[in-house]
């Protein structure tokens with residue numbers, strides 16, 4: 001039969017064949033490279049088949065459709081074999097192929113293929129229907145979900161430190177960090193009626209001198225009829241809790257520069273003085289006070305009634321936290337979390353700049369008189385004598401491990417529990433002293449009155465991955481073998497949740513030591529084992545090429561090539577010059593949001609993440625000096641190139657992303673989940689978050705694709721069987737049924753909600769409040785909003 005070579009007919013066939021040929025060449029060449037470094041054979045085989053399809057299309061043979069149908073079905077079989085019926089994992093393997101298959105069965109396309117082949121069109125239609133059926137089934141049957149139901153049984157727990165039901169007077173509602181409210185006016189039956197009650201705008205936005213890492217992470221506190229909150233620049237606001245109207249504000253006039261690694265404030269602390277322990281001058285000056293940490297190294301006491309400085313505290317209300325520090329340059333020491341407040345003591349820790357040099361300021365923990373600001377004690381984790389008080393001739397220790405996340409406090413035991421970070425530089429540790437290693441990445445229990453060590457437990461030995469304890473620990477009394485045990489839950493970046501008796505630091509849930517990958521960079525070492533808690537969200541298997549992802553099979557192929565080029569032998573693979581895949585990544589499976597524990601039901605709500613990072617050590621050379629230049633400043637971010645002056649390597653730290661900027665690991669990257677704390681089992685786990693606000697173009701309507709997004713911020717839970725969480729990279733506050741994880745409601749936020757919400761009652765009405773100000777390095781929309789939600793008056 002003669003081929004009709006009319007211009008329009010031939011052009012369409014030629015373009016179709018050209019597309020197939022280009023796809024085939026890409027898959028063949030890229031796939032050959034992948035096979036050469038140990039990856040899957042699928043891609044070069046698919047490339048050869050695609051080139052065969054292109055040749056047949058060029059020859060106008062309808063048999064191309066038969067061959068393409070075989071490729072499509074083979075791809076679906078291979079995809080299910082690699083990843084199961086996981087919709088988001090199957091999508092990049094099949095999306096381009098399905099769309100091209102649909103193109104080929106369009107009448108104006110296949111009719112131009114004038115050399116017939118019996119049943120070719122029907123074969124491709126069947127292949128497309130089978131592929132569509134597999135994807136549809138996968139879309140409604142998520143293999144990553146766990147679908148159980150928590151017991152509703154609840155026994156009222158004795159409060160460790162009583163808090164009025166209607167209040168939220170501390171960062172985690174109580175200083176035990178439970179993030180649980182006994183309020184139940186808003187409950188699982190009526191939360192779908194929740195409406196915006198009021199919005200307050202702080203006016204605090206990014207300034208020209210700010211670094212990229214400016215973040216709005218505050219959880220407000222509420223005492224009586226007033227809400228207290230700080231902004232990214234630590235401006236303090238007092239709002240009417242019912243209307244959201246400003247009562248007063250205080251501006252510490254923070255002066256930042258681009259070297260600050262953080263510009264943020266997670267919260268403030270509240271103290272009410274008692275006449276039996278405070279002087280008459282204190283009682284007259286500031287009986288109720290707000291304690292405000294400021295990123296330049298100040299701690300400020302402000303009258304809770306009127307916003308004026310407490311004149312009897314420290315230097316007319318301002319305490320200099322840089323006193324006796326070994327390096328006082330602004331931005332190197334940054335208190336970003338609210339301190340613990342006892343009847344006598346303010347327990348203050350702070351953040352230090354990560355990965356800058358071996359001559360950084362100290363991570364010392366200090367106790368100050370809550371009324372006067374006088375230094376009562378110090379615990380310098382890197383000093384030979386941690387409790388030694390410095391003088392004008394003797395400073396605190398360079399590069400002591402720091403505790404940057406909020407701490408927890410047991411008033412009955414008078415113990416404060418601090419989640420510790422690692423000695424910086426973080427990613428190479430060959431020169432660390434035994435003192436610097438001793439308490440790094442540990443839970444540290446100190447007597448809050450004296451600063452003396454009660455006990456410590458190390459969660460990562462010789463930490464080379466920045467696997468700090470990043471979250472406020474949570475204290476609760478939990479039933480173990482029929483007996484109530486006072487425990488502490490410490491979520492770690494590794495995904496482990498370490499559970500210890502908070503009286504003595506003994507493990508309640510086993511955490512056996514297990515072998516980990518060996519082979520550190522030159523001059524460094526790796527410990528042979530690490531502890532692995534049996535209560536954990538850490539990955540159940542190591543990553544493989546099959547876990548790589550992308551928008552299409554083409555960038556997925558690039559991710560697979562990158563994966564096989566890096567060093568990766570599972571969790572705790574040592575940093576390397578080759579580049580090491582770090583999973584869980586530097587953001588961790590847990591971050592500063594922590595977990596929420598209902599002490600009555602003995603259940604916990606958690607929101608773990610799963611986003612790999614890549615660390616690559618950079619040997620010293622031109623442009624990468626070992627000695628710190630005199631004018632050197634911080635990088636203003638925790639990612640990218642970090643100098644690590646004083647050790648043999650700089651380092652680059654970045655998320656593991658595709659050429660399109662998408663995570664190279666397949667979704668989910670974020671979950672919401674519930675734990676039964678009596679059995680230590682994950683009862684339910686769901687993906688949380690959509691790509692709506694991560695798209696390259698605005699999406700004015702909700703996107704129904706629940707992928708499971710990265711997040712920063714934590715959950716809260718209530719006696720109404722409802723949990724609330726924002727945190728995700730899309731701008732929503734969501735409510736879930738605590739018992740089974742069913743999403744009950746979501747409210748659109750005007751900016752990123754990378755904060756933990758809180759709830760309270762005033763004038764008989766329950767409110768839920770969230771900061772919606774965005775997160776600079778997370779890339780969410782920036783703003784200055786505080787948003788409150790409540791039920792309409794006619795809803796009960």
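Yeah, the Cβs are placed from backbone N, Cα and C, and that goes for glycine too.
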Read off the topology recorded in Swiss-Prot and answer whether residue 85 and residue 118 share one side of the membrane.
no
For the transmembrane segment (11-37), find every same-chain residue at least 6 residues outside the stretch whose CB is under 8 Å from a CB in it, and list them.
43-55, 57-58, 60, 96, 100, 103-104, 108-109, 112-113, 545, 553-554, 557-558, 560-561, 564-565
Tally of residues which DSSP labels helix, strand or coil - the topological domain 'Periplasmic' (82-95):
11 helix, 0 strand, 3 coil
Around residue 466 (active site, proton acceptor), how many other CB atoms lie within 10 A of its CB?
27
Sequence-remote partners of the topological domain 'Cytoplasmic' (59-62) [C-beta within less than 8 Å, at least six residues beyond its ends]:
3, 13, 110, 112-117, 120-121
Can you break down the topological domain 'Cytoplasmic' (59-62) into helix, strand and coil residue counts using DSSP?
0 helix, 1 strand, 3 coil
For the topological domain 'Cytoplasmic' (111-118), residues assigned helix / strand / coil by DSSP:
0 helix, 1 strand, 7 coil
Checking distant contacts: for the topological domain 'Periplasmic' (82-95), what same-chain residues at least six beyond its ends satisfy Cβ-Cβ under 8 A?
72, 75-76, 131, 134-135, 137-139, 141-144, 546-547, 549-553, 555-556, 666-668, 707
